[in-house]
Amino acid sequence: MPSLLITVLFLNVIIYVVNTVGAATVDGLLWLLYIQLPTGTSQIAREQRHMKREVVQLKHEMSSTSSQDEFAKWAKLRRRHDKALEAYEAKNNELTQSKSTFDMTIKIARWAATSGLMLFLQFWYSKTPIFTLPPGWIPWQVQWVLSFPRAPMGTVSIQIWGGACATVVALVGDAMKASLAYVSKPKIDRIKLGATMEGKEGKKRQ
């Protein structure tokens, strides 16, 4: 089944990318996108940011006002600041609760769309061969392993194919990361070398 073959490979790529980037990073990016949408949560986020700016501004005005020379003005600013801070904390708690609900929903959806879907496919298509091997191409013992646990003899099961995809994706991903690190290393070395030379020249001038 070519479509199943590609689906399993694609799922393994997605799982590797999420694990490499980090689930928390992915959740954070999705949250930033979510609060840009026209929803009630985005309205709460905008109000929270506005209240935060107001609190910071009032605090700055309080710092610029002498509590001794301009006590009446300072006291008025203090009352406004305390009231704004209380409103900000209430709105921030509301946004925090919304984010907790969002994070829980995203975690469930992410697991269902990746690892959960993979488990479902492995169970549902456990008897379905991914592809058939040429007759007599490999010993029957190897054929039995490749068809494990329930695929017909002489075929490759979805479990074996999924494991092979995960291994290859991990190897390719690690190779790409190593290549990027190798390419970027000379630039970093040149920067360090330039900084060292500047330091030596500065000492000579002194």
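Quick reminder: no glycine exception, Cβ is built from N, Cα and C everywhere.
Going by Swiss-Prot, these are the annotated features:
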- 75-100: coiled coil (COILED)
- 1-4: topological domain 'Lumenal' (TOPO_DOM)
- 25-110: topological domain 'Cytoplasmic' (TOPO_DOM)
- 132-155: topological domain 'Lumenal' (TOPO_DOM)
- 173-206: topological domain 'Cytoplasmic' (TOPO_DOM)
- 5-24: transmembrane segment (TRANSMEM)
- 111-131: transmembrane segment (TRANSMEM)
- 156-172: transmembrane segment (TRANSMEM)
Chain residues outside the transmembrane segment (111-131) and at least six past its termini with a C-beta under 8 angstroms from it: 1, 4-5, 7-8, 11-12, 14-15, 18, 147, 149-152, 155-162
Helix, strand and coil counts within the topological domain 'Lumenal' (132-155) (DSSP): 7 helix, 2 strand, 15 coil
Spatial neighbours of the transmembrane segment (5-24) far in sequence, C-beta under 8 Å, 6+ residues away: 107, 110, 114-115, 117-118, 121, 130-131, 158, 161-162, 165-166, 169-170, 173, 177
Long-range Cβ neighbours of the topological domain 'Lumenal' (132-155) (under 8 Å; 6 or more residues past either end): 126
Helix, strand and coil totals (DSSP H, G, I; E, B; other) for the topological domain 'Cytoplasmic' (25-110): 75 helix, 0 strand, 11 coil
